[in-house]
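Annotated in Swiss-Prot:
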type	residues	note
BINDING	HIS108, HIS110, HIS125, HIS182	Cu cation binding site
BINDING	HIS125, HIS133, HIS142, ASP145	Zn(2+) binding site
DISULFID	CYS119-CYS208	disulfide bond
TRANSIT	1-62	transit peptide
Amino acid sequence: MAATNTILAFSSPSRLLIPPSSNPSTLRSSFRGVSLNNNNLHRLQSVSFAVKAPSKALTVVSAAKKAVAVLKGTSDVEGVVTLTQDDSGPTTVNVRITGLTPGPHGFHLHEFGDTTNGCISTGPHFNPNNMTHGAPEDECRHAGDLGNINANADGVAETTIVDNQIPLTGPNSVVGRAFVVHELKDDLGKGGHELSLTTGNAGGRLACGVIGLTPL
């Protein structure tokens, strides 16, 4: 008598019950079904099949960014500036610069991260909106206008700046641009000097550093 085949489809997990039989048989299976013939089924009382879905790794993506700039100059002025930003919020800038003369010094973000010719080659203030120079709180200002930092009697300036015009991501990202600390006080565009509306008449460039991303 020719063996007959039975095709049973199942979904996972499932249990296939096979009645006893006196005819020898082999068992063949695949993902979509099970093929049985009637030979030797008496050796199998039940077969359990379970298909386990592949587990997916949980990936947590952080939108936080962190960057740093190390400032160097031709004088003894040097410093470190760190930047952090969470999601699309404002950027927090922590500044520590040493070797300054006591008092206020203009502190700006410049357009280029090019220091091949010293701080001069960093270009003008970062100004994607084509505004005139102003104070950080002014509506009309360069994005790179960060005001003044004040050095103490030891020549050390430490401050924290929170600003929403210097993001670490997006089309106006400041990564790859440069911070510059200046010789003089920034007049914030209100000094009436011919340079007030471009540089704040903040004088020479003492030190600069290019912004680069760092691990969180």
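Heads up, the Cβ atoms here are built off N, Cα and C, so glycines get one too.
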Subset of binding-site residues (HIS108, HIS125, HIS182) lying within 10 A of HIS142 (Zn(2+) binding site), CA to CA, in sequence order: HIS108, HIS125
Assigned conformation of CYS119 (disulfide bond) - DSSP reduced to three states: strand
Candidates HIS108, HIS110, CYS208 (recorded positions) - the one closest to ASP145 (Zn(2+) binding site) by CA: HIS108
Integer Å distance between the CA atoms belonging to HIS182 (Cu cation binding site) and CYS119 (disulfide bond): 10
Site of maximum Cβ density within 10 Å, from binding-site residues HIS108, HIS125, HIS182: HIS108
Same chain, 6+ residues apart, C-beta under 8 Å of the C-beta of HIS133 (Zn(2+) binding site), given in sequence order: HIS125, ARG141, HIS142, ASP145, LEU188, GLY189, SER196, LEU197, THR198, THR199, GLY200
